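*Asks:* One structure, pasted below without further comment.
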Amino acid sequence: MSTTTTLPDQKKVGMVSLGCPKALVDSERILTRLRADGYAMSPDYAGADVVLVNTCGFLDSAKEESLSAIGEAIAENGRVIVTGCMGEEADAIRAAHPQVLAVTGAHQYEQVVEAVHTHAPPSQGPFVDLIPQPSEHDIKLTPRHYSYLKISEGCNHSCAFCIIPQLRGKLASRRVDAVLREAEKLVAAGTRELLVISQDTSAYGVDTRHEPRQWKGREVRAHMTDLARELGQLRTPECTPPWVRLHYVYPYPHVDAVIPLMAEGLLTPYLDIPFQHASPKVLKLMRRPANEAKVLERLKGWREICPEIAIRSSFVVGFPGETEEDFQYLLDWLEEAQLDRVGAFRFEPVEGAAANDLPDPVPEALKEERYARLMEVTEKISAAKQQAKIGTTLPVIIDEVGEPDEDGDIGATGRSQADAPEIDGQVFLRNVPDDLKQGHIVDVSVEDADAHDFFGVVATD
Ligand code: SF4
């Protein structure tokens, strides 16, 4: 005779995660914690006992998107808890959507978990109580083969267009051993690419005076260079190094020290370094950190040390006070800098930002015109750089493998080391071997390229 055991019904939580990779990491943490408390995840609105909306409140357009996502969750499910950056504006949320059950702010993990407990109390029972604490089974919202690794919260700067320090507070760095433990666990669980994120990666540990901790019998400082070196020594279960990508690095002098780690193969040769502008006058108005003159020389030096380095940056056009002369300075600088990947934004006032009080706003039509001119210059640079790679072989991480077509050919998409997920280009592969899987890293012969993407086949020896 067989016996069956009925598990108590687990309460289910749905999650809508908006905003940047940092918010995504917060969503993962909240869900991991809730799962440890006995909740299950619901992939749709209908199956959820309560829906969490992790909002972004940075730009007005992001606030609108957050409010509309909250509205949709209320319409589809009705039981909604709001968290994240826009949670700081509880009044605005409640004015638009009085039905929300609770509103908590960014990083208020305890409060959001408590709100879920209040509005959808967890099922009790021996099986639920035995659910393990977070481990390699932590909830991840990014695909298993890449993971964001958040090393700090907040920021000590006061860039004129930004309200992150108001929203997220001063820099608070995580302990270096905790970061490394999390990275090691992720890599053991299938991560093949670590994306190091924060508001200001090069400032890591400044608040803790770079407090050292023991890691694998060595003393490691909470410092970007020490952390990068240790991350580069991690090994996957197949004994290969994971790709380690640094994001949001400001051009402080000590950044020079991570470039040799790229040349040694410990770090992915990719640097996401948001310059935002080049004109010294505009940078001053923006109150940018590490705003020093010799950036072009340093870029040259970095490329001498590590010729394959891909430098990604973002720029704001139409900042108040930006004259035609300033903008032309930026275009000339870009021609000189030959950056590999560029993102551009038209300046948009953010409620509470100091830039709103600056004189000489740039008219919208002029912002559009400058944006188009900047894109034209950077697309041309990017296209030429991409073309130069045709005929070469590049390592590519596989993001997705398709189904066979009518001829049995299988296609796949991936990314080169110069391409971070979500923000950069892709590599489109044809005729891939049928044992190719997501997360594999393979050599690809580049057959063609456009301004952002590559096209090719898996290289044969
Ligand atoms: S460095 Fe500037 S732009 Fe970046 S988070 Fe801090 S204040 Fe905002």
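Cβ coordinates come from backbone N, Cα and C, glycine included.
As annotated in TrEMBL:
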BINDING   C20, C56, C85  [4Fe-4S] cluster 1 binding site
BINDING   C155, C159, C162  [4Fe-4S] cluster 2 binding site
DOMAIN    11-121  domain 'MTTase N-terminal'
DOMAIN    141-384  domain 'Radical SAM core'
DOMAIN    387-460  domain 'TRAM'
*Asks:* For C56 ([4Fe-4S] cluster 1 binding site) and C162 ([4Fe-4S] cluster 2 binding site), what Cα-Cα distance in Å is obtained after rounding to a whole number?
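*Replies:* Rounded to a whole number, the Cα-Cα distance is 13 Å.
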*Asks:* Let me know how many other Cβ atoms fall within 10 Å of the Cβ of C162 ([4Fe-4S] cluster 2 binding site).
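*Replies:* I count 22 other Cβ atoms within 10 Å of it.
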*Asks:* Expressed to the nearest Å, what is the distance separating C162 ([4Fe-4S] cluster 2 binding site) and C85 ([4Fe-4S] cluster 1 binding site) at their Cα atoms?
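*Replies:* Here the two Cα atoms are 13 Å apart.
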*Asks:* Cβ within 8 angstroms of the Cβ centroid of C155, C159, C162: which residues besides those meet this for the [4Fe-4S] cluster 2 site?
*Replies:* H157, S158, F161, I163, I164, P165, Q199
*Asks:* What binding-site residues among C20, C56, C85, C159 have a C-beta sitting less than 6 Å from any atom of ligand 1?
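*Replies:* Close enough to ligand 1 are C159.
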*Asks:* From the DSSP assignment alone, can you count helix, strand and coil residues within the domain 'TRAM' (387-460)?
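*Replies:* In the domain 'TRAM' (387-460), the DSSP-based counts are 1 helix, 31 strand, 42 coil.
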*Asks:* Going by DSSP, how much of the domain 'MTTase N-terminal' (11-121) is helix, how much is strand and how much is coil, in residues?
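*Replies:* The domain 'MTTase N-terminal' (11-121) comes out at 56 helix, 21 strand, 34 coil.
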*Asks:* Per DSSP, to which secondary structure element type does C155 ([4Fe-4S] cluster 2 binding site) belong, with helix, strand and coil as the options?
*Replies:* coil
*Asks:* Would you mind checking how many other C-beta atoms are within 10 angstroms of the C-beta on C20 ([4Fe-4S] cluster 1 binding site)?
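*Replies:* There are 18 of them.
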*Asks:* Might you list, by sequence position, any residue in that chain lying six or more from C155 ([4Fe-4S] cluster 2 binding site) with a Cβ less than 8 Å away from its Cβ?
*Replies:* C162, I164, P165, R168, K170, L171, Q199, D200, A203
*Asks:* In whole Å, how far is C20 ([4Fe-4S] cluster 1 binding site) from C159 ([4Fe-4S] cluster 2 binding site) when you measure between their Cα atoms?
*Replies:* 18
